[in-house]
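K.L.:
Grabbed the feature section from Swiss-Prot, which reads as follows:
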type     : residues : note
SIGNAL   : 1-39     : signal peptide
CARBOHYD : 106      : N-linked glycosylation site
REPEAT   : 158-180  : repeat 'LRR 2'
REPEAT   : 182-205  : repeat 'LRR 3'
REPEAT   : 231-251  : repeat 'LRR 5'
REPEAT   : 253-275  : repeat 'LRR 6'
CARBOHYD : 301      : N-linked glycosylation site
CARBOHYD : 352      : N-linked glycosylation site
COMPBIAS : 421-466  : compositional bias 'Pro residues'
COMPBIAS : 482-504  : compositional bias 'Pro residues'
COMPBIAS : 518-659  : compositional bias 'Pro residues'
COMPBIAS : 690-699  : compositional bias 'Pro residues'
């Protein structure tokens, strides 16, 4: 069992001496009672007890855990002390003793009387500002298994430079009064049950070097200012932090930083390359993603680099060869592709390289387990290496390998944005070009259509209403045909996860879910064809300028009755229909821009006035164009009129639906590959043990 989850067991021996053997019922009762008593002592602090302690702390804490300046004068003490600082320490320690709920080893049993320097776990030393004055310089209660909370009175011990409480059962928050401990040098509250936001009191300590919050329940964001402190060790692992890793990480002079087992998101900051003193960096088991920044290769002093169980994508940067001091590299449990470079496995000090549970399709000769570097522990299982055993299936590999990631466009690796968004933008551009070519073969019909319309716009109202009357019929047919393929897409999307056998992946596939957003970029190509009908209409909207004259007359009001029948499906299938309904009116300005091309072919309009015959075939294409506006424009006009102004950025509207659909499809992939047969133990290989009491000048 991991050391941080050990139940603190304490045995008890019950001796039952009785003159007469008890009856079986009485014996059973006594044995049962003794079992309950011993089991109660053996278990760690329950949630109910923890809640009770937290409630006690909240009832005793002043506002925000701050202390009034005259608190020491509010305590009537009959004992005498060598100096005022020891008196203040006595007040603080007595308040702390009252806040203790359980002390199984009786560690604080001798916390009585004014001689605080004799208390167990209390360290005294000459004051830094006056060597003739003895003060409480530190508290060391590591491993005492004490349950309780921290009272605000602890802020009275302003000479404390060392505060070690690891491996206890303290609950509640870190009081704000700790800001007064300006001499704090080492602060270790790891392996307890503290809660609340990040304890910002650390930001007020000018000389703190060691900061350890491991194995607690702190949550929220980590302030960027933390990495601007002159800290040598920063332990944040195994909490509930959810923020991104600040870019200020590169300003930290720390030699050890751990982010493991939280919920950090975003990228590894590119500033990491500025951490010249860094020896160990652990990102394991978070929600980090994107490509690895090439700046990692500047960490020439790093011995441990662990980025396992995240959502990193793309190829390994060639700059990794700059990790000349590295001994252990763990990048398993991601979505990395490409090759494992030969020169990475040739690093002089490398002892362990784990790149299992990725999608690598090739590896250098020295990276093959049992190859030329037999002294190195290598793990390449569950990749896409054709010649190696225990690899992923071809179908499983195709899901990721067929969607390569260009890290030069990835924001985490220095690109302007992720490749997923630009790709849909580029895809629509060719789509409108194709409709432009389509009008060219039939320029005569659209040209003939506008020619009569402009010549007699007022005279045509009568035929115009007739055409809309004919249009609803095809309109009703076309929308029905278009929703059918739309649902077919979602139906087809769930199939791949069923086909892809990923149930044996022991790693949390949530990273895979998160990272499928970039790969969809190439997949977004299918959606554009689905939405391509809307793009072609815009060129067709070049005629609509005259058609806009019909919209003003409420001739199109008849269509609304049928559309309501079809309006439910669009919202059911996807929001794009309502999104595209505004675009036609919004795109109406662009058509005038595109209308210049029609005017060029407008030279042909005058000749054939027999446009009425062609319009029927031409009306068949327009129905898709006109049907959406009449069918959906009423809903948009009546229900959300303000939406059109918000959607004044139509060009971007086409891409958003695609990413949205892709983000929904990945969850389909995510649930499939879930399996917990193989459990990765927590990272305990490199323990930064709490240092002994400080041996610096004055203490």
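From the backbone N, Cα and C atoms, a Cβ is placed for every residue, glycine too.
Remember, predicted model here, so these are calculated numbers, not experimental data.
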K.L.:
At 10 angstroms around each C-beta, which of the glycosylation sites 106, 301, 352 has the fewest other C-beta atoms nearby?
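P.N.:
So among 106, 301, 352, the glycosylation sites given, the one with the fewest Cβ atoms within 10 Å is 106.
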K.L.:
Taking only the Cα atoms, work out how far residue 301 (N-linked glycosylation site) lies from residue 352 (N-linked glycosylation site), in Å, as a whole number.
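P.N.:
So the Cα of residue 352 (N-linked glycosylation site) lies 16 Å away from that of residue 301 (N-linked glycosylation site).
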K.L.:
At a C-beta cut-off of under 8 Å, are there same-chain residues at least 6 beyond the repeat 'LRR 3' (182-205) that contact it? List them, or none.
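P.N.:
Residues 4, 45, 50, 54, 128, 142, 158-176, 211-223, 225-226, 229, 235, 241, 690-691, 694, 696 contact the repeat 'LRR 3' (182-205) from elsewhere in the chain.
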K.L.:
In whole Å, how far is residue 352 (N-linked glycosylation site) from residue 106 (N-linked glycosylation site) when you measure between their Cα atoms?
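P.N.:
Here the two Cα atoms are 44 Å apart.
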K.L.:
Can you tell me how the residues of the repeat 'LRR 5' (231-251) break down into helix, strand and coil by DSSP?
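P.N.:
Split by secondary structure, the repeat 'LRR 5' (231-251) comes out as 5 helix, 6 strand, 10 coil.
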K.L.:
Averaging the per-residue pLDDT over the repeat 'LRR 3' (182-205), what integer do you get?
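P.N.:
In the predicted model, the repeat 'LRR 3' (182-205) has a mean pLDDT of 98.
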K.L.:
What does DSSP give as the helix, strand and coil breakdown of the repeat 'LRR 2' (158-180)?
P.N.:
5 helix, 7 strand, 11 coil
K.L.:
Can you check what DSSP calls residue 352 (N-linked glycosylation site), collapsed to helix, strand or coil?
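P.N.:
It is in a strand.
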K.L.:
Could you give the number of helix, strand and coil residues in the repeat 'LRR 3' (182-205) as assigned by DSSP?
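P.N.:
Per-class counts: 5 helix, 8 strand, 11 coil.
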K.L.:
By DSSP assignment, list the helix, strand and coil residue numbers for the repeat 'LRR 6' (253-275), in that order.
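P.N.:
The breakdown for the repeat 'LRR 6' (253-275) reads 5 helix, 5 strand, 13 coil.
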